[in-house]
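Data first, discussion second: the structure below is written as structure tokens.
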């Protein structure tokens, strides 16, 4: 009897275990099914050799950098606004202030090759003729620049304008000033040659040099081409408002013979990386002047304007010697003021 009871109990336990296992299996199946529905299904695609995935491009609208009244169409600035960079006009932090017929245009064209330099294309004449128009007018004549770029303006008559030093200082006492100087005798002849090209009925150079037109008389220091060559007179005005360290004197002769050397000095003075080098220049034997392989706005080799490197008229050697003797003490004074001997005879 005891044996039969034990067997019944064992059988009941087995049945209960089977039922429990079945119920557990059903419950787990339902849970797994719910979880599998909640998890994203990852599909495995067969690998197709050399298959190129499709790329969807969004259309990009090119926004013009220029406002309605702007004229600067430099390719370097066409896409900057789209990139979130907005060029703005700034007052110049460097000026080429002179001297006339010394090589100021050449210096401007050479330095503006530098990607960090932007320059006003024409002479603005703000500090001599247009000062009453105000600094906002002056700013509007400057090219748009990005942060880190340098704005330069060139007007050679600033050097001899009495009011210019003080006016420039009021704009910015830290303005860097570049002065391109040249043998005053050669400069005077070049000045005269330019005037003759515009006025055919001018008197000969030899007559205009002297007070009464005679070689034996005194030199006419009131005549512009002669007066402008007394550099020390005008430099003394600038040194009243600016320290010598803020002026760089560029040799007009070396700018022609070896422009890369002078451009190294200019780039160092302006705090620029030396980008403009010998590779940018070639010498045109016909014009007797250095030309550019390429520059902003010109992808092909080109020279400066036809007025650069123009022929000078013949001048009597006696007149040349008189002029050299006249300028010698002024040149020596200029050498002392600048600390540079330019070697003018």
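Every residue, even glycine, has its Cβ placed from backbone N, Cα and C.
What you are looking at is a predicted structure, and each value in this text was computed from that prediction instead of being measured.
Database features (TrEMBL):
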- 9-27: transmembrane segment (TRANSMEM)
- 93-328: domain 'Sulfotransferase' (DOMAIN)
- 101, 102, 103, 104, 105, 182, 190, 308, 309, 310, 311, 312: 3'-phosphoadenylyl sulfate binding site (BINDING)
- 101: active site, for sulfotransferase activity (ACT_SITE)
- 291-303: disulfide bond (DISULFID)
Residue 101 (3'-phosphoadenylyl sulfate binding site): tally of other CB atoms within 10 A of its CB: 23
Among 190, 311, the most crowded of the binding-site residues [Cβ within 10 Å]: 190
Fewest Cβ neighbours within 10 Å, where candidates are the disulfide-bonded residues 291, 303: 303
Between residue 311 (3'-phosphoadenylyl sulfate binding site) and residue 303 (disulfide bond), the C-alpha gap once rounded to whole angstrom: 16
Rounded inter-Cα distance in Å - residue 105 (3'-phosphoadenylyl sulfate binding site), residue 291 (disulfide bond): 12
Between residue 291 (disulfide bond) and residue 101 (3'-phosphoadenylyl sulfate binding site): CA-CA distance (Å): 17
Alpha-carbon distance [residue 103 (3'-phosphoadenylyl sulfate binding site); residue 291 (disulfide bond)] in Å: 13
Residues near residue 103 (3'-phosphoadenylyl sulfate binding site) in space but at least six apart in sequence (CB under 8 A): 180, 182, 250, 252, 255, 256
Neighbour count (Cβ, 10 Å) for residue 105 (3'-phosphoadenylyl sulfate binding site): 18
Pairwise Cα distance for residue 303 (disulfide bond)/residue 190 (3'-phosphoadenylyl sulfate binding site) [Å, integer]: 19
